[in-house]
Amino acid sequence: MGAVSSCCGPRRKNSYEPLLLENEREAVADLLQYLENRSTTNFFSGSPLAALTTLSFSDNVDLQRSAALAFAEITEKEVREVGRDTLDPVLYLLTSHDHEVQRAASAALGNLAVNAENKLLIVSLGGLEPLIRQMLSSNVEVQCNAVGCITNLATHDENKTQIAKSGALIPLTRLAKSKDMRVQRNATGALLNMTHSDENRQQLVSAGAIPVLVSLLNSPDTDVQYYCTTALSNIAVDGTNRKRLATSEPKLVQSLVQLMDSQSLKVQCQAALALRNLASDEKYQLEIVKFDGLKPLLRLLHSTYLPLILSAAACVRNVSIHPANESPIIDSGFLQPLIELLSFDENEEVQCHAISTLRNLAASSERNKGAIVEAGAVERIKELVLTVPLAVQSEMTACVAVLALSDDLKPQLLEMGICEVLIPLTNSSSVEVQGNSAAALGNLSSKAAEDYAPFNAVWNKPDGGLHAYLVRFLSSADITFQHIAVWTIVQLLEAEDDQLTNNIRSSPILMSSIRQLAASPPPSRGGRNEISQGSDEDYEDDGLDGEGEGEIATLARRILDLTEDGDNSRDTNQGSHFSNTTNQHQSRDDGNVGSLGSEHAALRASVHRALSGGH
């Protein structure tokens, strides 16, 4: 957070008691001389510090006031790392019962707490206890500076736990409701600084901070709005806190939606990020749409300010996870800006959010898949996919795999030449990109069209073509890749295209691999490996290698039937797709694909997400 509000008033003339100790009289004279030459004087060591220390530890309250005000003025102009010899007199002044001394000393300590090393030393020397006492003061000026100092101390990670355990959170929460805007601003800033770790967030929640932060979203002060919005965004990272917010704060989403129209860009940005975190849960995904959150999110996507674009794109991505939100998002006009953001090479994260949203929007509806293709998404993907970063490639190929589930769209996708970019990506350095690209090709191969000419056109090119990809996957050490390859070949053969069948049959290396896989003994137990025609099963993998190998062998024998024995009988349900029916509507990011063998879990998770019609 930014600089804290200081509540240190102007220095006043002191009327000293007539009798001063000799060392005090000398210290006053020295200090006056040093202040006359303050631009060349180092007050943090030597005689100047000695003079300030003498006055600080005096029993004369006027001398203490002079010392405290001098420390406040000096530290306002210069902050440096200091030692205990500087902090001890300032901390002693904090224990004074005089409000003016307290106010100036806490202002000085807050200034010194801008330095990282000073933050740690202040806490280690016991600075929190007197600051907490001052937060409980009846004097608003004292409260203001004490809270400001705590705010600065709380920016250091090593101090946060100490502050939470010190008992400071309850008075901070109370002062966040202060009628004085300076106190309120400092207190909410301190609460924000305490939301960066799970432990501290839970302690804040226990201290009653949530209803206070939510109520202050409607503050007229932009800084308070920003601190509270950001604090709630951090609190909403935790699932348990989101559940608490869902039951106790029914107007939270409405307030955040309104703040996306704030005059402050940083408030708009944090409001969208808070909604993004809340939208990890289904209830909030629906509420954001219900309370008209799509309109401001669409406006933010059109912004020229990167943080706004990024926060809005991240929020829409999470909102799009819920199937009921797919059509409202499309109907609100998001497709074109999302497609435009695919070219946003200034920021890879924006590109990932945009393409993941498009994939989510395509998940449940043929109408939506068609709208996405009609809007130009596939042409843009084809144009960009070979040059974008790997993470974006993975998301783009996963999106194509979902679109390729649509029987109506397959001829159109093939005509666009999408295979020309998918085939090179099956040899990507990323196993996720390889698997997603192969999944898309597999889905395209199933019941693709009457005309399989697009597959023949890419049999040997580019990059060795469909042939080289199938050979590579058949010989892969991973049975998931083997499975995709044999399944795809069965689809191509069952199309009964003479040229395709001849291409497959006339490849010695391809047929040799098929024979090897067909010779694998089936697993001893029964189950899903009993697939006489293989192709009419959805692609699922329970993470059981024996069963997976049995399915591969069954599919390989089916290929031999279709190529060597001339058995071209076709299943009435021929042409199903690679999909994972147990994983419908899950977030693209959670990677939760059921029980997977540890050796290939990450790869299978990626492939299943690409093959799935779910989110």
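Every residue gets a Cβ built from N, Cα and C, even glycine.
Those TrEMBL annotations? Automatic predictions, nothing curated.
These come from TrEMBL:
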REPEAT    85-127  repeat 'ARM'
REPEAT    126-168  repeat 'ARM'
REPEAT    167-209  repeat 'ARM'
REPEAT    208-248  repeat 'ARM'
REPEAT    251-293  repeat 'ARM'
REPEAT    292-334  repeat 'ARM'
REPEAT    333-376  repeat 'ARM'
REGION    517-548  region 'Disordered'
COMPBIAS  535-548  compositional bias 'Acidic residues'
REGION    564-596  region 'Disordered'
COMPBIAS  571-585  compositional bias 'Polar residues'
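Note on the repeat 'ARM' (292-334): residues 253, 256-257, 260-261, 265, 268-270, 272-273, 275-276, 279-280, 282, 285-286, 341, 344, 346-347, 349-350, 353-354, 356-357, 360-361, 363-365, 367-368, 371-372, 585-588, 615 of its chain, located 6 or more positions outside it, place their CB under 8 angstroms from a CB of the stretch. With DSSP classes pooled into helix, strand and coil, the tally for the repeat 'ARM' (85-127) is 33 helix, 0 strand, 10 coil.
Counting residues per DSSP class in helix, strand and coil order gives 34 helix, 0 strand, 7 coil for the repeat 'ARM' (208-248). Per-residue confidence over the repeat 'ARM' (126-168) averages 93 (mean pLDDT, predicted model).
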